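Novice: Relevant sequence annotations retrieved from TrEMBL are reproduced here:
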TRANSMEM  12-33  transmembrane segment
TRANSMEM  53-73  transmembrane segment
TRANSMEM  89-109  transmembrane segment
TRANSMEM  129-150  transmembrane segment
TRANSMEM  162-183  transmembrane segment
TRANSMEM  195-224  transmembrane segment
DOMAIN    276-346  domain 'PAS'
DOMAIN    391-438  domain 'PAS'
DOMAIN    549-682  domain 'GGDEF'
DOMAIN    691-945  domain 'EAL'
């Protein structure tokens, strides 16, 4: 510290450790004062001062510094910013002036008591100590406080680096010139003291407090050193010079720091204003509400971004038009009045109007506006959702008051606080009758305590319950209603309200009961229908499996019911079904179930069977009961029943198989002659499966055209020539080979496939007829037509005749063969089709004549062309004279009616000879040829073709 000391005769005017000590206690805390004692003591001892005086002075330095810090903390509010403005510096200056007196006092006392000889040699010693400490604090404390953070931006950019280097260089140069006398010979005549102040102005403006304190410190050190060495501005007289240095440095410090601090304060204020402006601007543009500034002419001057989001227009577009253009026409008058109030400098609060969105919709806005000068400042809020909510609340209130559903609201204590008019209409209770009371007044007593426990458990756990409740009206009538209860909770989860919605469902329950009955019971017989029957059968099967019991299922179909229904009328048929249901019900036990599946089909579920004795008895009783005559009006009807029986678990353990097996057994009973019952056997299922596979394969055969046509010759017996052929279908099965018609025709008739097959055979026959008639213009092909084909409501007969016309074939090229029983049909479509064939020239033959019921009247009426004697007569014609007699009678009768006769099944020459003698016209059978394919049939025609040629 020798640089800070004068000669032994003088005391230094600048004691920097005082400022450093003050600064570090401010930064680190007063409790570090012992460090000052230690530092001061060490410094004095190093300089060989006496121990007792060094200790005394060390505690004096510590005391003054501690007092300075204590006073500063009392006067300074913000201890986070110790040197923030000029006020803080003035506080430090004042504290330095006061607390330096303590150091001065301790120094004088030290000399007085510990070095009395030195008192006379130190005039003004106390004042000099005061000066040194005061200037040390004034310079040193700001230096430490400011330079605890390094300056920013001095070396950030090239230009700034040059400026910083220039400042440092100029500082060194000017202080050397002013305080060290450098270049004194050249410029000694110039007053140089004010140069430092000019440099201080540059430092304050460009380098702030960091530059100023650096300049002050360097000037102080340089000035003291120059003065003590007799150089520079203050070097002429060391004593006077040091006093001038002290005064000069104090002035420079006050000027520089106050200037820098004021500049920094202004910059801080400016930056704060900029930050506040930016903050307000950020809030202005990012606020959820709408903010704007407008003029008195009705134009927006500034608007935040929410306006664009709110109305959909660009802000520039909004600001370019008077805002009244966006206001709803109904709100313009009120808006103008609000503008008038604002022009009168009256604030406008909670003003509401509507603005139009770019998409044409209207949005509600609530305004708070005031004026300042000629500008209007307004904050607005979109209350469209609020208005919507208000409308919804009004609507809810209207719904509540006008709803046809009864509503009741209770409080948390379950006391009724509100009911709507529908509640009064439903229950008969007026609001005054129930308000403040418990809803128990509606209780009918029909619900159990467990019911209400479950209801309250649901309300307390989920806040919601719904269900059926039997309640009592004011007039004591009990009614059933559907109740929905919802809970409204407070924010803390406690119950605020419960809202109950009542719907009187008494009529609905009656309707549901009726619907359930209609869905589960036959409306005619009042027996369970198929749906309920299946359900009960499933339940009985489960019960039987659980208890290891047997059950039986009877499937009953009425014989000859259709005849009674068609003959006596449907009303009598319905009455018959009712009586059948009653008779069957009387034949079973109470534990059994009788059901009607539909039509004339009934079922009986017989439960808890020990053996077949019970079910045999029931079946016999049912047959006996059904065999008794039924009185229907003035008539009596006689019917029987066919019963199929299936057992579980013997036959099946599921309801579908059990029903199917009982149905199969019923058909077996019908095949046995009806009026019987039959148990299911596995062979029935085998036959059914075979029938099912046959049906499936037959569908595939029709789709894939697996059929072929064989032709059997029909010979003119008098000429012994083939003049006709019968077309006979064959099925070329891909697995089973060639299948004969007797195996699949019945299935084709059941499934309706016979229509497609018959149409295909007809067309194939027509093609062959055209081919073979080229050699024999009179050649005919017979095509069998099933009775099923006659009963279809289509125009196949027209289609066939049109097909012949398209092929340019006459009608007599084809003969239609029908069964004898078809003549007894009275159906209109049968007669019309036969007469249509006659009118179109197509001839008709009756196949297998004499084997069924015959009506000779139709032979003439329908203009039959051929009778075909069944092979059952011709087979035994040689050995049984009765068969020959029948054949002769048929031939004579036919000829008398103008009908030709064809004998089938001729297998021997003897049979052929006898038929020729009887006068038969044509013959057909294995004697001439079996049915063969078309190509092979043509070889049979070849001899005749050759003979003709």
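Positions of Cβ are set from backbone N, Cα and C atoms, glycine also.
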Novice: Counting only residues 6 or more past its boundaries, what in the same chain has a CB within less than 8 Å of a CB in the transmembrane segment (195-224)?
Specialist: 3-4, 12-14, 83, 135, 139, 142-143, 146-147, 150-151, 154, 163-164, 167, 170-172, 174-180, 232-234, 242, 245, 248-249, 252-253, 255-257, 259-261, 263-264
Novice: Quick one: mean pLDDT on the domain 'GGDEF' (549-682)?
Specialist: 91
Novice: When you scan the chain for residues with a C-beta under 8 Å from the transmembrane segment (12-33), skipping those not six or more beyond its ends, what do you find?
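Specialist: Contacts of the transmembrane segment (12-33) (Cβ under 8 Å, skipping residues fewer than 6 from its ends): 1, 4-6, 39-40, 43, 61-62, 64-66, 68-70, 72-73, 82, 92, 95-96, 100, 103, 128-129, 131-133, 135-145, 148, 220, 224, 242-243, 245-246, 249.
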Novice: Is the transmembrane segment (53-73) packed against any residues at least 6 beyond its ends, judged by a Cβ distance under 8 Å, and which are they?
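Specialist: Non-local partners: 17-18, 21-22, 25-26, 30, 33-34, 36-38, 40-41, 44-45, 79, 91-92, 95-96, 98-100, 102-103, 105-107, 109-110, 114-115, 133, 137.
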Novice: Give the residue counts of the domain 'PAS' (391-438) per reduced DSSP state, in the order helix, strand, coil.
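Specialist: Secondary-structure breakdown of the domain 'PAS' (391-438): 23 helix, 10 strand, 15 coil.
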